[in-house]
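Colleague: As listed in TrEMBL for this protein:
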- B:7-20, B:Gly101, B:Asn160, B:185-186: ATP binding site (BINDING)
Protein chains: 2
Amino acid sequence: MKAVGIVVEYNPFHNGHLYHLQETKKKTGADCVIAVMSGNFLQRGEPALVSKWARTSMAISAGVDLVIELPYTFAVQSAERFATGAVALLDALYCAELCFGSENGEIEPFLQAVQTIKRQQSRYNQSIQQALKDGMSYPQAVTYACRQLEMKEIDLAQPNNILGFSYVKAIIEQKSAMVPQTIQRIASGYHDEVFSHPWIASATSLRKALNGAIEALEHISPYIPFSTKKALEKYYAVYGTFHRWEPYFPFLKYRIMTSEESDLQSIVGVDEGIEYRLKQAITEAETFEQFLHSVKTKRYTWTRLQRMCVHILTHFKKEQMNGIKSPSYIRLLGMSDNGRLYLQMIKKRLSLPLVTTVSRLQKDVIYQQEKKAVAAYTAIFSETTRIQALKEEYATPPVHFNSCK
Amino acid sequence: MKAVGIVVEYNPFHNGHLYHLQETKKKTGADCVIAVMSGNFLQRGEPALVSKWARTSMAISAGVDLVIELPYTFAVQSAERFATGAVALLDALYCAELCFGSENGEIEPFLQAVQTIKRQQSRYNQSIQQALKDGMSYPQAVTYACRQLEMKEIDLAQPNNILGFSYVKAIIEQKSAMVPQTIQRIASGYHDEVFSHPWIASATSLRKALNGAIEALEHISPYIPFSTKKALEKYYAVYGTFHRWEPYFPFLKYRIMTSEESDLQSIVGVDEGIEYRLKQAITEAETFEQFLHSVKTKRYTWTRLQRMCVHILTHFKKEQMNGIKSPSYIRLLGMSDNGRLYLQMIKKRLSLPLVTTVSRLQKDVIYQQEKKAVAAYTAIFSETTRIQALKEEYATPPVHFNSCK
């Protein structure tokens, strides 16, 4: 059996994801698709619309064979670390290829870009540092450094390109045997916030349309598979919400106001004295958006600030992160019959423990942070609902294909 | 002018307090009554029913001349530290006497008890340590130690007696010139939870009757002055609640669940490995009361656990507390015309800064903790109400008698 790996957030799963999934199978001829997926919080520093279990069931229903959790400590991170964790997991699962979406669908420019940078690594790093020092945001600094290297292969300032680039770079650095592949993205830009296609829309626009409530579900249904719609309905029926930042703001505010500057300074992403700006802005901010606006300067991207706020909310400390270099376990969130078969085949060759229940992870430093992420994610529920959600995290066995029908 | 000091919580101010206030004036012949009052959280580890400003206005309306805030770092503490802070403040304000309520109204037994213990201090300490080691709670240990010393003057296991004893002890230890006085308490036991007198009821029973809402205000009005009733109504109209522990539980739960054991261990009151019990019990607890029940053992009193929870909620760290030996400022919350006159008289002789607006305290380590207490206290409000409550903390000038009419 040949496996191909993909890296996803499925927030929520939509027709564009389905297209990518089907094209991936076609292009690679793989018999098994393994998706590494972020959990409660996403790469861009936002709570996931619905739980990892609901998103796993969307994935399995749509044809993914195995869903593996990308731990919080790699998921809520800039592209480089995000890719490091995802590639390590897919490699550990013996994927033959890794396939990601890109703007033009050609892998060659990514390979060349990585080589160009590797050849002039120190000059590239210097340019980045200089640009950051001059007050540029990270994406701006990358663009600047690429210009310095006269790199023409690819525009790394595009979020999708930087992710693809990072996967390829991680594959090379980790000396993985995986072959990188790419598929051209369909119809919708990453940040599109309006519907401009009859059946493809970005996850951002879908979340925006939902805005935390069920009412707009019919409105977005042309853009999502029926199984996604069912999973969203089911989640809403039990938990009464689609998650977004604003309901977490009281907890963020409480946390920042009851922390000293030195406490904040120990949190991942709180750098360059921003703790003083946080303390100053928090008292009078009425909403999360207002707060971020008053903290934002040219130097920080919105995404970077959101990630920092998630780390404050989940109390993710620098000293914790510094101790974590790569994933220490493979947490299985869901599988199809096919995925189960594949697992049985490779089980004995696995170099990381395959985990289906988290009870054995209680002392794992990566899972420690996962628990804190779950605690923060469920904080907005009523106590009875919260206890149920926590039980789901601690006791749910992997979603199996049949369980989604 | 002669001033007398009292130590109060006024949670809420009731007829028993009024009686104590009037008897204090009679007994001491003082022209000015100075009350040191706890702020957002109380000695027993509970949020104050209403804000410090509302309680100050009750006090001034009823005839107190000056209301001084007992900082959080001394207020939410066992009797000894509570008394240390209160006595230091009253002494700094040149009170000639300090007058407290007691079961039998005689000061002599308190003086003798302090002398008995001072004479055999090391034996007393040893007995306490031994008893605690044997798994007794602190009040049990005190009773045991007093029995060892054959002390018959006073039963220190009574909460009111231990407070009175601590005031007298602090006066002696601080070499204060204040003369301790006591007045017999009227009608109602400290812990009485039922109404058994036509116009006197304990603060505990009044809070219990209110249970967070306005409906029972008429029911408790025989037991409180009209001005208290007005102040309660006014507070409820603006803030929509009378504070109690339960609404804070989601924040406590969030805090405990997103803290490592080592974080909890750095908090005041988290000792003897209780952090593991906290982490274990918190996930499944649906209410604060349920949580405390599942954490409680013979060794811990309910009050001690409540205080610990308040410290976790406000993030009060041991290293902070260890740096604080005595109050560093006198924060004026309210005054009558008479009180203002007294202040003008003693102003130049004050050894601690008299503070009416907190802007000058931003770097004071004691006020740092006060800010965190305010942040926690206001966390249960909606954002707009919360911003208003925070402004009140930071910008309210002392309540003046006329402003209460």
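Think of each number as a place in line: the chain as shown, counted from 1.
Cβ atoms are placed via backbone N, Cα and C, with glycine included.
All TrEMBL annotations are machine predictions without curation.
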Colleague: Indicate the candidate from B:Tyr10, B:Tyr19 with the smallest number of other Cβ atoms within 10 Å of its Cβ, considering only these binding-site residues.
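Modeller: Ranked by other Cβ atoms within 10 Å, the binding-site residues B:Tyr10, B:Tyr19 bottom out at B:Tyr19.
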Colleague: Could you tell me which three-state DSSP class B:Tyr10 (ATP binding site) falls into?
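Modeller: Once the DSSP labels are grouped into three classes, B:Tyr10 (ATP binding site) ends up as coil.
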Colleague: What residues, ordered by sequence, lie under 8 A Cβ-to-Cβ from B:Phe13 (ATP binding site) and sit at least six positions away in the same chain?
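Modeller: Listed in sequence order: B:Arg55, B:Met58, B:Ala59, B:Ala62, B:Ile224, B:Pro225, B:Thr228.
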Colleague: Does anything in the same chain, at least 6 positions from B:Val7 (ATP binding site), have a Cβ under 8 Å from its Cβ, and if so what?
Modeller: B:Ala35, B:Val36, B:Met37, B:Leu70, B:Phe82, B:Ala83, B:Ala86, B:Leu90, B:Leu98, B:Phe100, B:Leu163, B:Tyr167
Colleague: For the binding-site residues B:Gly16, B:Asn160, which Cβ has the most other Cβ atoms within 10 Å, all shown protein chains included?
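Modeller: That would be B:Gly16, with the most Cβ atoms nearby.
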